[in-house]
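Over in TrEMBL, the protein carries these features:
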BINDING   R7, H8, G9, Q10, T11, A12, W13, N14, R57  substrate binding site
ACT_SITE  H8  active site, tele-phosphohistidine intermediate
ACT_SITE  E81  active site, proton donor/acceptor
Amino acid sequence: MYLYFMRHGQTAWNHEHKMQGQTDIPLNEVGLEQARQASERLRAVNFRACYASPLIRAHRTAEIVLAGRQIPLVVEPLLKEIAFGQFEGQSLDDFKEDASQPLHQFFYEPWDYQPGAGAESIYDLLGRGLRFLNLMMRQDYAADDKILIATHGAFVRSIVNLAANLSVGEFWRRRPLPNCGLMVVQADHQGYRLVHEGLDLLSGELP
């Protein structure tokens, strides 16, 4: 089967460069339009099913992309974004630019990042990603079935790491995924293979 991992559309916190994590922020008007455009770009893809994070920005993206199609949508908690605990809602840029900030290590030395209360490590996220892949392998899908998966940026990176057998040190070094961008993994009894990475669907990059 082919797993089409899509990052959700833009939110106000995306636009403001705030840490979202598992805070339930809805799509803004730009994000709603991005999802509508993604729906048109993927109209020719015959999805067998869709799995979505329960967070509204991803779940709503899936609903819009699937509008007018009779495709089952499964809400799957494993697909949530990585949790940042008390740092959700704070400036992403501050954490990246200031080495004294607690989350600076998350971006530059993720293998050593120690999360605080209510937060997850990179290893926690990779574990969730692996559990999701194993969940999909237990489903009764055919080799050529295409499954849409609406989720989040860091979660998609965890799948890239797992499918490409990368080290944790490479977590942030791969091509970034824009809002409503796509990454495609082929999964079968032999394992997982990265087919497409970091596709900018709204700029015309199609799988």
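Heads up, the Cβ atoms here are built off N, Cα and C, so glycines get one too.
A sphere of 10 angstroms centred on the C-beta of T11 (substrate binding site) encloses 22 other C-beta atoms. There are 27 other Cβ atoms within 10 Å of the Cβ belonging to R57 (substrate binding site).
Largest Cα-Cα distance over the residues recorded as binding substrate, namely R7, H8, G9, Q10, T11, A12, W13, N14, R57, equals 15 Å. The Cβ of E81 (active site, proton donor/acceptor) lies under 8 Å from the Cβ of Q20, G21, Q22, S53, L55, T151, H152, G153, A154, F155, each on the same chain and at least six residues away in sequence.
Here the CA atom of H8 (active site, tele-phosphohistidine intermediate) lies 6 Å from the CA atom of R57 (substrate binding site).
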